[in-house]
Amino acid sequence: NLFFQGCDGSILLSHVGSERTSKASKTLRGFEVVDDIKKEVEKKCPKTVSCADILTAASRDATVIQGGPYWSIPYGRKDGKVSIDKEAESVPTAHENVTSLIEFYQSKGLNALDLVALSGAHTIGRTSCETIQHRLYDYEGTGKPDSLLDERYANYLTRKCRWGSDYVELEGMSPGKFNNQYYKNLQKKMGLLRTDQMLYADSRTSPFVNAMAYAPDSVFHNQFAASMTKFGNILDPEVQEGGEVRADCGYVNSYDY
């Protein structure tokens, strides 16, 4: 998990009790893509390029393909040998308040602007309906949907998410496009996750939301790239010193590697 042990590729490890098997990771996809990239890289540069570096570069390139920004990546990360499901469960979910999010980000050297910019990644992707169903019916015992949710949008989500196992786009107006529509949605009370919508409701983060919404996409792109650079450089010195370059991204190396 990047937030706890740094960018060490631990999410890729596939064993009982790993981050990859946690409930928080169940919507993650694309592991086979990283495996394919690793196989090709090993043919050219065996035992040289870590899975952590591959994952970081693949995340950047996937953003670019979706119309997002490019940013430079410093390489040389080592792959960690530890992956614990409970650590994945400890990252921010959709239930924190803004104070908790800001404090969590600050503990990793990131600020409120980084929080708002990185949350903009929700301009693409999807989540399970189970994540947002609590907002649609009897929110905190009110007998009504969450008051921070637009009524028409709530009606749409109620129809869309009859089953918790179904999926819904994180940003439904222009899914698949890496643009600033996410922030415009927050201004209309159409943030899918409550943690997203609260960024617009809180005075510490709402100015950044407004700035991203009113400015051209390029402003969001530039800030996202800058924040992702900081994010990708979160490294745990102990993990890096004791890390390795995995031969297979799903498994730690055998002793004779």
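Glycine residues also receive a Cβ, built from the backbone N, Cα and C atoms like all the rest.
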Among C45, C51, C129, cysteine joined to C249 by disulfide in TrEMBL: C51
C161: disulphide-bonded cysteine as recorded in TrEMBL, out of C45, C129: C129
Segment confidence, the domain 'Plant heme peroxidase family profile' (1-253), expressed as mean pLDDT: 90
Nearest-integer angstrom distance between the alpha carbons (Cα) of C161 (disulfide bond) and C51 (disulfide bond): 36
Other CB atoms, at most 10 A from the CB of C161 (disulfide bond): 20
